[in-house]
Structures are given as C-alpha cells and as structure tokens.
C-alpha cells in the first residue's frame, strides 16, 4: 500500500482466509506459555519483560505455535507501552526500540519456521509438528490502557470518570505509529474493554494515516456486553465503520460465551469474525494469578470450534492459559473438517 492509501484493501483478509482454506488459526496464550518455559513475569510490564530478559523464549513460543498450526502469530507487545518502559528508566528511543523488537522477534520466528519447512519435504515431522509452507501473518499486539495499568482493569474497563477520548488517543498514539512501521502485517487491538477505547483506536487509525490494517477484539464476562457493560453491538459497529479494520471479534473470554457473542457481532458487521477465547479460567487481579480448576480442557475447548465456525467465525485461536496443544487440536479439527466431503467451512 502506498502512503496515500487510507483504506486497508478489503481483499487482504479474504485472500488470506482463502489461502487458509476458509478459516485461519490464531496462536494461543503468550504470557502463560512463556512462564511454562521458565520466564519470570512478575513485573508491571508482564510478558514485555521478556523483550529485555529472554527474547529467545518469545521466539521459541512463536515457533511452537507455528509448529502447532498457527497461521497468525501475535507479538509480545500487549503490555509493552512506551509509558511503561519509561517508568522503568528507559529513554523514549529505547522504549520504541523495544516495541520494534517485539515484531522483529515474531518475524525472525516466521523466517526460522519457513526454513524448517523448506528442509522438511513432508507435511509434518512425524512428531506432531505441522511443517508446511503457508501464508503466515504477524499481528502487532496493542493492549488496552487497562493492560498498562497492570491492575486487572482490562477485565473491568473501569478507567474512572475523568477518562476521556483524547487522553486515550494520546496514550496509544506513538505506540500505534511505531508498530505500524515495523513490518508487521496488521495491528491487533486486543482485550478492548469499553466503547471509549474502541473509539480512540478507530480515530487513531483514521487520523494518523496508519499504513497497515487492524483487527479489534473485545472481551466480555457476561456473554452479552463488553466487560465495562457497554453494548457489544455498539462496539462492533465502531469497528465495522472503520475502513482500516479488517476483522472484528472477541478474545480473552470464557468459551461458553463465544457462540452467542459471534451471533451478536454478526448483526452489525460484514467483516470476518475472529475469536480467541481464554481457557475459561478466571484471573484474580489482587493475587495476580489465574484461579486453577475454573477452565475447560483442551478437548472441551476444541469441541466448540466447529460450531463457532458454522455460526460465522473465520479466525479461531486461544488466549490466556491456552497452549500449543490447544492450537494443534484446533488446527487438526479444521483440517479434518475441510477434508470431510459433506462439510464446507464457513467463509
């Protein structure tokens, strides 16, 4: 796209989905997977800490997800904000470099994965790994203002009465500009908890001439509204009206709510619908930990996938506490579905 092109080409996502066979697989949880690989994330900048301390682990997790069948990998920038890095003593330039590094690591992972695919002539390595050359997108993650606060408020959307649109736009502006110029394929605005922040993101995309497309993923705790209590229909309509947005949907939400949320989003958007729920476990912001035994198994999670696709989802993955095993099971389910003669994937 040229610099004067203010619209995302509508064909970008439809072409990509066609190459994926109708449904694309998004990766799974990053922070919880980094912890499983030995990273210490006890820090206000959470998974972004690994950009400093262990980029090799981020790269490994990206590759693990690609080898599980992901078509889209999301960068370790969800909690990476310029303000957060500056508060830890980094300069503006160093903070922007760390943001760029999150995308570089994902692109490196994609390159390493593609090399592995070239070396392996079979579709897989006999050990459950998916090694096939395909289109892979790198999505640069932008978490909500609540993610920067690191107090769990992205799970409530409660930013206080003094919050306004211009503050949120100013907070996010430079990060969005930096990520748009990194070589990422799109920006993933994730865990958007309220209507105000959706408006801020949409206006930034339009006003700043951002040169790559974006998706909006909202979260819900009741299966009806976004977590702040704002209407999901109104939030999704903001994404629908923004020409830069090429997909809209739900993330970090219990799987049991997803079916009805897809039906709601469908009422107001013609754009592809994406869903990447969490494992169903709940997060305790006071103890800063996930509450065990409140989620669903990988088998139960994956059992929903066909239904989600049948009612309209065309990008499916996982969020917090999902793993490469979850994503591998989703990939396998979709491959089996597309190979079944009597079934057609939703487009």
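For all residues, glycine too, the Cβ spot is worked out from N, Cα and C.
The Zn(2+) binding site feature in TrEMBL is assigned to 252, 319, 320.
What TrEMBL records for 12-334 is domain 'Hcy-binding'.
Apart from 252, 319, 320, the residues listed for Zn(2+), the same chain places the Cβ atoms of 29, 191, 219, 251, 253, 276, 277, 278, 279, 318, 321, 322 within 8 Å of the centroid of those Cβ atoms.
Sequence-distant contacts of residue 319 (Zn(2+) binding site), defined by Cβ-Cβ distance under 8 angstroms and a gap of at least six in the same chain, are 28, 29, 191, 251, 252, 253, 276, 277, 278. Its Cβ taken as reference, residue 252 (Zn(2+) binding site) is surrounded by 24 other Cβ atoms within 10 Å in the chains shown.
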